[in-house]
C-alpha cells in the first residue's frame with residue numbers, strides 16, 4: 001500500500017495541512033512539507049490521537065471511519081459493500097447504545113463510524129461493507145430468509161440513522177486490532193472490481209487495524225478484496241440456520257470450543273490503546289467464530305470469536321473452529337496452523353542441513369567390488385569407475401591426510417587406501433596387462449607366433465652375458481668376436497647394453513649365436529633384468545680369483561626369475577691366484593650344482609686373455625640350447641621384438657638397437673616402439689653393414705623413429721603410420737601419468753606441518769641428459785637411492801637422450817637446476833646461452849663419478865651443525881667506573897685466550913648470569929685484540945654492567961661440525 005501524504009491525511013481527517021503539521025511536530029515527528037509522506041505507524045498514531053481528542057458529531061458519524069463500535073447490538077440492516085471486508089461477528093450481545101454519539105462514551109457509537117453501519121451477523125461472501133451507508137432494517141431474527149439483498153444504489157450515507165437496540169444484558173466487547181471479518185454467508189456475489197466503490201473521502205482508518213495489502217503471508221492482498229469463508233449465522237435458541245442471521249448468545253456464556261485450538265497468548269493479542277474507545281471487557285470467553293475466518297475483534301479475554309466492539313459488527317459469531325487471520329504491518333495475525341514451526345526450529349533445521357559431515361563427504365560406498373585402474377591413474381579416472389564426483393574423492397583424501405587434485409596422478413598406495421575407505425578393491429593394472437589391452441583395442445597381439453608348426457623355422461639362440469663388474473664379460477665377448485670393445489669404454493666398464501652375433505662351428509655345422517652384453521655395475525640393475533628377460537640362455541661369468549660377488553648373485557637371481565638355463569663361465573683361470581673349485585663350491589650354495597658334482601649346470605673354465613676354453617663355452621651353449629629349448633620362430637609374420645638399447649645420434653637421429661624375436665623386419669615397415677613410432681629408413685647389423693631385412697634372433701640398429709624409445713620397450717610392425725602414431729600417443733600418456741605418480745613425493749598434512757615448523761627444505765633440481773636411454777635410466781635410478789636426510793631433497797625435473805640443447809638450458813635457468821651430461825656435450829648455442837644465464841653443467845663419463853659428486857653436493861646443502869669450543873677464562877678482580885665506557889672489569893686470564901668481540905658468558909658462583917660478548921679489550925692503556933693466559937686486562941661486556949668481584953668471564957666460539 002502506498003504511503004499517505006500529509007495533505008491527503010489532513011483532508012481525510014478534516015484538518016488543514018498546517019494544523020496536521022503542527023500535530024506531527026507535537027508528536028515528535030519531523031515532516032518537511034504538506035507533500036511529504038508519512039509512515040504507516042505515524043498515520044496510525046495520529047489517527048488514534050485525533051480520534052480520541054476531537055468530539056464526534058453527526059456529520060463525522062456519517063463519514064466513513066476505520067474504528068468499530070464497542071457496543072454489541074442486534075442489527076436490523078444489512079452491511080453494504082466497501083473496499084474492505086467487514087470483520088466477522090463474534091458471539092455475545094453488547095449493551096444498549098445511546099441514540100446520539102457522545103465523545104468518550106464506552107457504549108455509544110464512535111465518531112467516524114455510523115452505528116447504523118453495523119450488523120449482528122457474519123457478512124456474506126461477496127458483499128463489501130461501505131462505512132456510512134444506510135443499513136436497511138432487517139426483519140426479526142426468526143425470519144432470516146426475508147432479509148433483502150442490498151443494491152448498489154443503497155450505498156448512500158445516512159448519518160442519523162437510528163441504531164437498533166441491542167438485546168439487554170449483552171456485554172460489550174473490547175476492540176481487537178488486526179481482526180479480519182469473514183464474508184457473510186448466503187450473500188450475493190460482490191461487485192466487480194471496476195464497479196467497486198473507492199475509499200470514501202475523509203474516511204479515517206480503523207484504530208489498530210492492520211494495513212491491507214501489506215501482509216506477506218496473506219493469500220490475497222489489496223483493499224476491498226473479500227475472502228470466502230465458511231458459513232456462520234446466529235444461533236437462536238437451539239436451532240441453527242444455514243443462511244440466516246444468528247442470534248447472540250445471552251449472558252456472555254462461553255461459546256462452543258471457545259478455548260480449543262487457540263494460539264499461545266502473546267503481546268500482539270493485547271489491546272493497543274487503553275482509552276475511552278475501548279468498551280467493557282467480556283465476562284466470558286467466546287468460541288472462535290467465522291468458520292475459517294476470525295469472528296471479530298477479541299475483547300480483553302483471549303478466547304477469540306467475541307462479538308461486538310469497535311472493530312466488529314454486533315452479534316455473535318459462530319463458536320466453531322477458526323483459522324488464522326491475515327497478518328498486518330504491525331503484529332501477528334490470528335491463530336496459527338497446527339504444527340507451525342518456530343523461527344528457532346527452522347533455523348536449527350537449516351543449520352543441521354548445511355552442517356558438514358564429520359569424517360568426509362557422502363560418497364556411495366561399494367560392496368567389495370574390484371575396480372581395475374591403470375598405474376598413475378587420477379581421481380577422475382576412479383570417479384568414472386565408481387560413478388562418483390571427483391570433488392568428493394578429493395575431499396575424502398583430504399580427510400585422510402592426502403592433498404591431491406582431481407586430475408593429478410595418484411600413487412598405487414594412495415589408490416588402495418582410498419579404495420579401502422570406500423569399500424572397493426582397487427586393482428592396479430600392470431604395465432604388461434595395460435599394454436596388452438591397448439593392443440587388443442587395435443586388433444593387435446604381441447608375443448605369440450602366428451601360423452602352425454609347419455611355418456616355424458629354427459633360429460639362433462640369444463645368449464646374455466651377465467656377472468659382476470670387472471669379471472671380464474666384455475673381454476670374453478671380444479675374444480669370441482675377435483674385436484676390442486673394451487678399449488673404447490670409459491673407465492674400462494660397460495655402461496650400455498650391446499648385442500652381437502657370433503658364428504661358430506658345432507658338429508661340422510655353422511651355427512649362429514646372438515650375444516647380449518650387459519653392464520655389471522650395481523647401477524645397471526634394470527639393464528641386467530632386461531637382458532635376462534630377452535634371452536634364451538644366460539652365461540654367468542665369475543672371476544676365478546674374486547669368486548662370487550654381490551652383482552653375481554643379483555645376475556643369478558635375474559636369470560632364475562626369467563626361468564632361463566644358466567651356463568657358468570669361470571674366467572681368469574690364467575691368474576696364479578685363480579681357484580675354479582672355490583667358485584663351484586660357492587655357487588652350489590645358490591642352487592647351481594656342477595655336472596661333475598652330480599648337478600645339471602655346465603661349468604666351463606675360460607680365459608679371455610689367452611682364449612683358453614672359448615670353443616668349449618660355445619659348444620656348451622649350443623648343447624644347452626638344443627637340449628632344453630625349442631628355438632623356432634615364424635619368419636613370415638610381421639616383425640616383433642624388443643629395443644634393448646637406444647640413443648640419439650647427431651647425424652642419424654634416434655637409433656634403436658633392436659632384437660628381432662619373431663617375424664622379419666624390412667625397410668619401409670611402419671613400427672611402434674614404446675612411445676616412439678616411425679618408418680624403418682635403414683638397418684645396420686653388428687658389423688656396421690647395412691641390411692635390407694632382419695630375421696628372427698638378429699640384432700640390428702633401426703633408423704627412422706621420431707624419438708628415442710625407452711630401453712626395453714617392445715616394438716612391433718603395424719599396418720600404417722596412423723595406427724602406429726595412435727598407439728604411441730596412448731603409451732606416452734600412460735607413461736607420463738605413471739612417471740608423475742612415481743616421481744612425485746607427496747607430503748601428508750602432518751609432514752607439511754612439520755616442514756612449516758622446521759622451515760623450508762633445500763632441494764637440488766637436476767636435468768639428466770645421456771647418450772643412451774638405458775644409461776639415463778640407470779643414472780636416475782642410482783640418484784634416487786641417495787639419501788642424506790630429510791633436510792635436502794633431490795628431484796629430477798627432466799631427462800632425455802642426446803646433446804644438451806637450448807631448451808634444457810632455459811629450463812635449468814628458470815628452475816635453478818643443474819644439468820648433468822652423461823657422455824654428451826651441449827651444442828654451441830646451448831653453451832653460449834648457459835654462460836650467459838650462469839647455468840651449471842656437469843659432465844661425466846663414468847656413472848659412479850656422477851653419483852659420488854651429486855651425493856657430495858647434497859651433503860654440502862645440509863645446514864651446518866655448530867658446536868661450542870672453549871677459548872679462555874678470565875677472573876674479575878677489580879671493578880672500575882668510567883663515564884665513557886661504563887663499568888670496566890679488571891681481570892686476570894686464568895686459562896686460554898680472551899679475544900675481543902668473542903662470545904662470552906658471565907658466571908657467578910657456578911651459575912650463568914648473562915650470555916653476552918666481549919665489547920672492548922685493553923691492556924694497560926692499549927686496546928688489544930686478544931690477551932693470553934697469565935696476563936691482566938680490562939674488558940667491558942656488551943649491554944651488561946652488573947658485574948661483581950669474583951665473577952668469571954668464559955669466552956668461547958661456535959665451530960661448524962662436519963656432517964656425516
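Glycine residues also receive a Cβ, built from the backbone N, Cα and C atoms like all the rest.
Note that the coordinates shown come from a computational prediction; the quantities given were computed from them, not determined experimentally.
Under the heading compositional bias 'Low complexity', Swiss-Prot lists 62-85 (among others).
Sequence annotations record features per position, and here Swiss-Prot assigns compositional bias 'Pro residues' to 86-102 (among others).
Per Swiss-Prot, the feature compositional bias 'Low complexity' maps to 103-117 (among others).
According to Swiss-Prot, the feature compositional bias 'Pro residues' maps to 159-169 (among others).
What Swiss-Prot records for 190-212 (among others) is compositional bias 'Low complexity'.
Taken from Swiss-Prot, the feature compositional bias 'Low complexity' covers 242-251 (among others).
Taken from Swiss-Prot, the feature compositional bias 'Gly residues' covers 252-261 (among others).
Residues or ranges marked as compositional bias 'Gly residues' by Swiss-Prot: 284-334 (among others).
If you look up Swiss-Prot, you'll see 335-346 marked as compositional bias 'Basic residues'.
Per Swiss-Prot, the feature domain 'tr-type G' maps to 458-629.
Confidence annotation: the region 'G1' (467-474) carries a mean pLDDT of 78 in the model. Feature annotation from Swiss-Prot assigns region 'G1' to 467-474.
The secondary structure of residue 470 (GTP binding site), as reduced to three states from DSSP, is coil rather than helix or strand. Taken from Swiss-Prot, the feature GTP binding site applies to 467-474, 517-521, 571-574.
Per Swiss-Prot, region 'G2' is recorded for 492-496, and the stated evidence type is similarity to another entry.
The region 'G3' annotation in Swiss-Prot covers 517-520.
Positions annotated as region 'G4' by Swiss-Prot: 571-574.
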Provide the three-state DSSP residue tally for the region 'G4' (571-574): helix first, then strand, then coil. 0 helix, 1 strand, 3 coil
Secondary structure at residue 518 (GTP binding site), reduced by DSSP to three states: coil
Positions on the same chain near the region 'G4' (571-574), where near means CB under 8 A and six or more residues out: 471-472, 476, 541-545, 580, 605-610, 612-613
Nonlocal neighbours by CB distance (under 8 Å) for residue 573 (GTP binding site), same chain, sequence gap 6 or more: 544, 580, 605, 606, 607, 612, 613
Please determine which of the binding-site residues listed here (470, 473, 518) has the lowest count of neighbouring CB atoms within 10 Å. 470
